[in-house]
Each structure stands twice: as structure tokens, then as C-alpha cells.
Amino acid sequence: MSGRLLDLFKPFEAFLPEVIAPERKVPYNQKLIWTAVSLLIFLVLGQIPLYGIVSSEGSDPLQWLRAMLASNRGTLMELGVSPIITSSMIFQFLQGTQLLQVNLESKQDRELFQIAQKVCAIVLTLGQAIVVVLTGNYGSVSNLGIAISLLLILQLVFASFIVLLLDELLIKGYGLGSGISLFTATNIAEQIFWKAFAPTTVNNGRGTEFEGAVVALFHLLSVRKDKKRALVEAFYRDYLPNMFQVLSTVFVFLFVLYLQGFRYELPVRSTRTRGQVGSYPIKLFYTSNTPIMLQSALTSNIFLTSQLLYQKFPNNPIVKMLGVWGTRSDAPYSPNAAISGLSYYIQPPFSFTEALLDPIKTVVYVTFVLGACAMFSRTWIDVSGTSPRDVSKQFKEQGLVINGRRETSVYRELKKVIPTAAAFGGATIGALSVGSDLLGTLGSGTSILMATTTIYGYYETAAKEGGFAKNLVAGFSEML
């Protein structure tokens with residue numbers, strides 16, 4: 001049954017565009033060029049406004065998720081990488097629960113699996129585009145008209161398909177790392193940099209102030225006579241980015257960088273060369289930022305569905321259980337937010353005070369994030385080629401065994417360590433995300449973690465392919 005299900009995607013192979021894998025290894029310098037070109041295309045797409053929108057100035061309940069999903073409201077990148085991540089999440093679930101049997105050693109099965117994910121991503125893009133238009137993000141459908149509404153949907157689908165191909169281009173070896181991670185980290189870094197150094201001014205009734213926290217610090221110190229009061233305002237102003245958030249962001253960045261040095265060294269020896277021993281490192285963040293990306297995609301899809309249903313059926317009790325949406329003056333990103341239902345409980349607390357005043361919500365939110373991240377991390381290893389069985393095959397091919405163990409027991413020993421490490425690492429990154437949210441950073445804690453782990457991942461990739469020193473983080477960990 002499962003095999004036949006995968007075969008249903010065979011007809012799409014003939015006409016679905018695909019990036020052909022390079023016949024030989026792409027030189028490092030060319031990979032840098034392809035990576036830069038892909039990033040430039042993505043950034044351009046994120047600046048081109050959608051043609052035909054009436055307005056995109058209204059409240060945006062998904063604002064806090066946009067950085068993590070590389071989304072930019074009112075542009076071709078409205079949907080960001082959400083459909084692609086969601087497609088990956090769906091097929092991870094199908095394979096992990098054995099509802100879809102895939103032989104990853106078979107080239108045909110691997111190709112069909114990739115085609116199936118691509119088709120699912122396109123379908124999800126179409127579905128999300130329809131939801132975004134129908135919920136009135138660009139004006140009511142009656143004002144837009146059917147033709148403009150269809151044009152908006154087509155623009156969103158086309159842009160998401162371009163991103164899909166760019167991601168495939170990098171993954172297949174033309175560039176460095178994953179396009180999804182690159183685009184997300186760039187979007188997050190751009191927003192953090194803007195909040196810290198934005199030269200734009202605002203007037204909130206307290207005189208002209210700079211939006212960027214660092215710029216505001218120097219401005220307040222230069223124009224205020226009371227320097228102590230100026231420092232307090234620069235560090236704790238609650239209506240614009242402040243220096244406490246900047247320092248919190250730097251602290252989280254350095255702490256995550258420090259944790260990257262945590263690993264369990266599995267002693268191994270060679271069966272081919274007598275006396276040759278070494279170690280196989282199992283990192284704390286075994287699956288990198290994948291768990292938090294999948295958790296963010298899951299949350300965004302729940303929010304989109306809940307918001308659409310609540311607009312259409314506000315009095316339906318089941319819809320209310322999924323989420324009731326209303327206006328909250330304390331919401332930092334948008335006045336429109338979930339005020340009850342499931343969506344409210346998986347929405348992060350807007351402040352440390354709210355977390356204390358509503359302990360039930362806080363406990364549910366923390367449990368959801370940690371549980372989802374641990375589950376996604378544990379199941380991701382089965383579809384990413386890093387499961388105990390995959391690693392034991394690599395050991396066998398390289399003539400390695402665990403020191404003090406027989407060759408036949410390698411898989412059994414790895415099975416004791418890797419799944420536990422993956423789940424614990426996923427829960428850890430979820431806990432860091434929650435802690436960062438409560439601490440207060442420039443952007444959400446999740447986005448800071450995603451950016452940090454992606455930057456470190458690119459550092460490792462560049463170190464491996466470019467050949468420069470790799471001990472920066474190890475030395476940093478030892479220093480701390």
C-alpha cells in the first residue's frame with residue numbers, strides 16, 4: 001500500500017522542473033558564488049511588493065513568526081519557507097510512522113520521495129496562498145475582485161516555487177548548506193541588525209527618538225542632561241528596541257555558540273589499521289535547528305487555519321477551541337492576537353509578567369515547545385541519514401568499530417546513544433527558545449537560536465570545504 005502511494009507521484013517526474021545534480025564536485029569558490037546569487041535572488045523577492053493588493057497595513061498576528069519563516073509581509077515572500085518546511089514535516093511524519101515505506105538506499109525511491117515532497121510543497125503553497133487572500137490580508141475579496149485575487153495567488157505560488165528550486169540548487173551541491181536555513185538566518189540577522197542600528201526616528205510623545213537601540217543610546221546620552229536617566233531609558237524603554245534586549249541577544253548568541261562545543265565522544269578503533277583509534281562526536285544539537293524550524297512551521301499552520309476558521313465561523317464551539325482572535329494592547333508585534341483556545345496556549349507569553357500571571361498558559365506553552373522539539377528531533381534522524389542504522393553502516397564501510405565492543409554490536413550501542421541525544425538536544429534547543437523569549441531579545445528566542453545554529457553550521461561547512469581552522473568554537477568553549 002505504502003509503496004503504491006509513493007508510486008502515485010511518478011507522473012509528476014516528467015514535467016516537474018528539477019535541478020540536476022552536478023556530475024563532478026563543484027569547486028569551493030563556485031559554491032560561494034552560487035550561494036551568494038541564490039541569497040541575492042531571495043532578498044530581491046523579499047522586496048518586490050505583490051501586484052494588486054489594496055492594503056497590507058492591518059494587524060498581523062503572524063508577525064512574531066515571520067523572521068523564523070523568512071517571510072516578508074506584502075511581498076512575493078509573504079509565505080516565506082513555510083510551505084517547504086511543512087511539506088518536509090508531513091513526509092517526516094509519514095515515514096516515521098511507517099505509513100510511507102521508503103527505501104533510501106534505492107535511487108528511484110529517493111527521487112520519488114523528493115518529487116513527492118516537492119508536489120506537496122506546491123499544493124501547500126497554493127493552499128496557504130488561498131488562505132492568506134481569503135482572510136483579507138490584502139483587502140476584502142469583494143474589493144479585490146476575482147481576477148486580482150487569482151493573480152495574487154499565482155504570484156505567491158510562483159515565488160515559493162523559485163525558493164524551492166533555489167533550496168534544491170544548494171542542497172544538491174552547487175552551493176553551501178541548505179537554502180532554507182540560509183534564507184531564514186539572513187532574514188533574522190537583517191531584522192536584528194535593523195532593530196539595533198536603525199537610523200529612523202519616531203515620535204511617541206516623548207520627543208524624537210531613534211528606533212535602533214544602539215543609536216538611541218548614544219542619542220539619549222548626548223541630548224539628555226541627566227545621564228543616569230538617559231541610560232535607564234535606553235536600557236529599559238518598552239515601546240522601542242532597547243539596550244537590554246541587545247545585550248540579551250548577544251548573551252543568547254554566545255551561550256548557544258558555547259553549547260555547540262558540547263558533545264559525547266564515542267571511542268572508536270579501526271579494524272583495518274592495527275592500533276589506530278579515534279572518536280566519533282555526537283553533538284548536543286545533533287539535528288541542529290531542524291526541530292525548532294519544524295515547530296515554528298507547525299505553529300504557523302495552526303495559526304493560519306485558526307484565524308481563517310474564526311473569521312468565517314466565529315460562533316462555532318470547535319473553532320473557538322482551536323482559537324479565538326481579538327485585540328490585545330500589550331501584543332508587541334500586532335494588536336491582533338489569540339486570546340483563548342489552543343492558539344492562545346501555544347502562543348509565547350508577550351512578557352515575563354504575563355508568564356507569571358498566567359502560569360497555566362506558561363506551563364502548556366513550555367510543554368508544547370519542548371515536547372514538539374524533542375519529538376521532531378527524534379524522528380528527523382530517521383529521514384536525514386543520521387539514524388543509528390545509517391551511522392553503523394558508515395562505520396562498517398570505513399572499517400570502524402566502537403572501542404571495547406564487537407563489530408556486531410555497533411548498531412546496538414549506537415541505538416542506545418543517538419536517539420536519546422537527538423531527543424535531549426531537541427528539548428534543549430526548545431528550552432533555550434523559551435528562556436530567550438522570557439529573557440527578552442531582539443526578536444523571538446526561536447529566531448535567535450535558528451540564526452546562531454545556522455551561522456555555526458555554515459562555519460563548519462566552510463571550514464570543511466575551504467580548509468581553514470575549525471577550532472574557533474572549541475577554543476571559545478574552553479575559554480568560558
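Even glycines carry a Cβ here, placed using N, Cα and C.
Topological domains recorded in Swiss-Prot put Val54 on the other membrane side from Asn242. For the topological domain 'Lumenal' (267-362), the DSSP-based tally of helix, strand and coil residues reads 43 helix, 20 strand, 33 coil. Segment contact holds for the transmembrane segment (417-435) and the transmembrane segment (246-266), given three or more CB pairs below 8 angstroms at sequence separation of 6 or more. Here the topological domain 'Cytoplasmic' (167-245) returns a mean pLDDT of 86 for the predicted model. Counting residues 6+ beyond its ends, the topological domain 'Cytoplasmic' (1-32) has Cβ neighbours under 8 Å at 98-102, 109, 111-113, 115-116, 118-119, 165, 168-169, 172-176, 465-466 in the same chain.
When the topological domain 'Cytoplasmic' (97-118) is classified with DSSP, helix, strand and coil residues number 12 helix, 0 strand, 10 coil. Beyond the ends of the topological domain 'Cytoplasmic' (384-416), by six or more residues, the same chain brings 104, 266-273, 277, 280, 286-287, 290 to within a C-beta distance below 8 angstroms of the stretch.
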